[in-house]
Amino acid sequence: MKRVGAHVSASGGVEQAPLNATAIGAKAFALFTKNQRQWKAPKLSKATIEAFQKACADGGFQPQHILPHDSYLINLGSPDPEKLERARSAFIDEMQRVADLGLQLLNFHPGSHLKEISEEASLLLIAESINMALEATNGVTAVIENTAGQGTNLGYRFEQIAFLIDRIEDKSRVGVCLDTCHLFASGYDLSSTEAIETTFNEFDSTVGLHYLRGMHLNDAMQPLGSRVDRHASLGKGTIGMAAFTFIMNHPACEEIPLILETPNPDIWSEEIALLYSLQQVD
């Protein structure tokens, strides 16, 4: 089964997220387990954890269909030793929160070199950061998200993601989330069935489709290779619908969270229904 959902609000407590997902007809969801603009948050209470798990069970959401995202403040490739230490500590805390909720995945943007060190030096710091977090926690997979390559963000080429995975000690606990807008912005064409098939094949040969743990389904505001991270509603941007039809019929996308981060939450239920309508019956 394809598991389509959206990055829903957890305002009022994480237990609200599965309720918000159910309300839009989602079969998966993403959330922040804390305020994504803050470094610290109180530990999740037993009551909150139990309420979250009950809401997930009631909505039919399994842990592998839920894709928590870490704080935007965290830069695991920071050239500043003090900031790097803070980022690593915060990332471990995010992983522990995911584990406390009984979940299995933590989606994150790799990091940025900030023009102060080389791309490779920053990638080595990111790999080291991931290894440290996996060592300090149990049961949670680090899910690397490809980026649009905006500014000095790394992870915009499949080769960079492969570089990171090659250096992860426990490869059973590393995966990838592919964002369609980011792919297109970073130069991977998705604008036709042939184009996205070529991109998927390149990902498979460079990284491996067996590492795919989730996707973010977003159209793009800017043209191919723009390196600008601006999401558009499905069919309203520069990617077009062929890519989403391909994804909704690709076996590698079975039973993983396929998450909308499109700009209009009011039409998420319609976009979810649209995606399911693209499935071809055998």
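Glycine residues also receive a Cβ, built from the backbone N, Cα and C atoms like all the rest.
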### Query
Besides Asp179, His216, Glu261, which of Glu128, Glu135, Glu145, Glu159 does Swiss-Prot list for that Zn(2+) 2 site?
Glu145
## Note on the structure
Zn(2+) 1 site partner of His69, Glu145 according to Swiss-Prot, chosen from His109, His210, is His109
### Query
Which one of His182, His250 goes with Asp229, His231 at the Zn(2+) 3 site, as Swiss-Prot has it?
His182
#### Entry: Rounded to the nearest Å - Cα separation of Asp179 (Zn(2+) 2 binding site) and His69 (Zn(2+) 1 binding site)
13
## Note on the structure
Cβ-Cβ distance under 8 Å, sequence separation of 6 or more, same chain as His182 (Zn(2+) 3 binding site); the residues meeting this, in order, are Glu145, Asn146, Thr147, Ala148, Gly149, Tyr156, His216, Asp229
### Message
List every residue in the same chain as Glu261 (Zn(2+) 2 binding site), at least 6 positions away in sequence, whose Cβ is under 8 Å from its Cβ.
### Response
Ala6, His7, Ala30, Asp179, Cys181, His216, Leu217, Asn218, His231
